[in-house]
Structure formats: structure tokens, C-alpha cells
């Protein structure tokens, strides 16, 4: 019930081969102790975060250093937990969350390259065994594409689902499919199934650009039971009450400039919808970053993305934000925009 700030960490991806061949300069430098320095023509600024991961940091280092393990433990304890990655298109958001693209059931990624999602699943099941908790686990997976919510786990073509609101639940998606799972292989299969159905396209800045925001939610219902086997009436009396927590992973589509990506037609419409929803998210964060006494209306209803993230951003959730940026001089404008965006988010507080 105490106010807690959003935890914001930064990940700087390496220069790509094409950027190096083009002669792009590296303009973002980690200074250690959670700070980065941006140095370029007419730009000289330093930003501080809870943690900064440079190009050489491994996926495991990001998992351990970001506080993701603690987030999993809080979800088991019954809290509503959210982690979301944001940044320019091609900045490494999906890689950070899911690992390399192109995975399949026959060609799985190397264990060292697994992202926050897969590592969290393993941690969740490990914690369940070590605590002696009886966990009931299920997963739901959706995307917001052109302001339409689509279920990524339902059989057949992705169907559009309505977004509702109630006093008890807040904003929620009606008729969303939730699938039970008990093993790491089962949830990994659900993640792969859903991600392969997600809308992606290629353009000048990214060969696998996500054209939708994706939300994977793990529903955790736990009930501690005694390891011995007393009579049924004794076990019923001593059992702890059940707790229900959630762990939500949000992979935001990347912000992009249509001129830079060379998008036209349908790609241009998608980009405009992506940028509009990210702008609405930015407005909510700016308002939430103000002291409570100076806040006016927080515009959650401006997009479906902000409605679904309302509880995570300004309500009763525990939230981790992973800002992903490119160190390239060519991406300086978008990098600065992401850094300012993330800096504002550090002032947002919730009451878990």
C-alpha cells in the first residue's frame, strides 16, 4: 500500500553491421552506476536510471540486474506485476524480452540468448517448487493492431475482442482465451505460437518490425499446502488463503518516422496508429509524473494501450520499464526522445 516508484532500466544495443559500414559514430556511453552520457554535435546530456546495460551485457545480466527475479516473486505473492520494453523501432525491445527472432520448435534459441520472458517462466516454476506452493498457472496473449485487440492464442484467424470497463476489474478484454500450463515447454510453446501470429513487416530500419503492441499475461493462483498429510478437516483449517497475481509482459511496437522507414500504404497507416498510441502513453506518463496534488485528468481513454496499462502505470501494480536505445549518431533524435521519456517515467509512483 506504500507509494513505490516505477523501476526504469536502460539497455543500449550494439552498433549493427550496416551502421558500422556506414560510418555511424557511437554517441551513447555508459558511465557506470546507472548513468549514460550522450555526446554529439550540439548535444551533451547525462541521464540516470536504476540500471544501465551496455552493448556487451548478456541476456542473463539484464535479467538479474533489472530486478526481474524480484518481480516474479512478487507476482507469486499476489501482486499485479508488469514489465514493458519501449524505444525506437530496431532498438532491441523484442530481443530483450524474447531473444532472437526466427525460433521454431525444431530450432530453439541458445540458452544464453533467451530473453526476460523465458527466464521469468523458468524462475516462476523454480520458485513454485522451492516454496512448496501449489500454483495454478495460465496464460493469455493478445496484440493491439491498428487499435484493434486480437487474441493470439485462439484457434483460427485472430479475432477482434471488445475492451470493457467495470468498477471491480477496471479495463479488461472480454472473451480472451486463457490457456493452462504446468511446464516450461508448454508455456514456451504458447509464446512461440502467439509470437508467430503477431503482425510484423520489413522496412528500411528493421527487417522484422513489430506492427502491433503485444501483451502476454501469466495468471498465477497460489495456495500454500502442508507437506504432510493430516486429516482433511485439519488440512482445510491450516491451509493459507489463495492468492492471485499476474505477470504481464508488454512488447511495444517501436516508434518510427515514416520518412526514415520508407513506409507507404498499409505500412504508413500502421506506423501512424503505433505513433498515436505511443503518444497517448507518453501523455499519461507525463501527467502521472507530476506530484499528486498537481495532477489533472490522466487521459487513459485516449488509446486501448493506455487503458490496458492503466493499473500498471498509475494504479496498484508493480512495474518495470526497459528502455531500449541505439548508440548510433544517426538515431540521435529518437534516442534522446526515449531517454527523456524514460526519465519522466522514473517519477511515476504506484501503490502496489
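FYI, residue positions are counted from 1 along the chain as it appears here.
Just so it is clear, glycine is given a Cβ too, placed from its N, Cα and C backbone atoms.
Nobody curates TrEMBL annotations by hand; they come from automatic prediction.
In TrEMBL this protein carries:
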type: BINDING; residues: 87, 88, 89, 90, 91, 92, 93, 94; note: ATP binding site
type: DOMAIN; residues: 5-348; note: domain 'Kinesin motor'
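Here the binding-site residues are 87, 90, 92; the one with the fewest Cβ atoms within 10 Å of its Cβ is 92. When pLDDT is averaged over the domain 'Kinesin motor' (5-348), the result is 86. Note: residue 91 (ATP binding site) has non-local neighbours 13, 254, 324, 325, 326, 331, 338, i.e. same-chain residues 6+ apart with C-beta under 8 A of its own C-beta.
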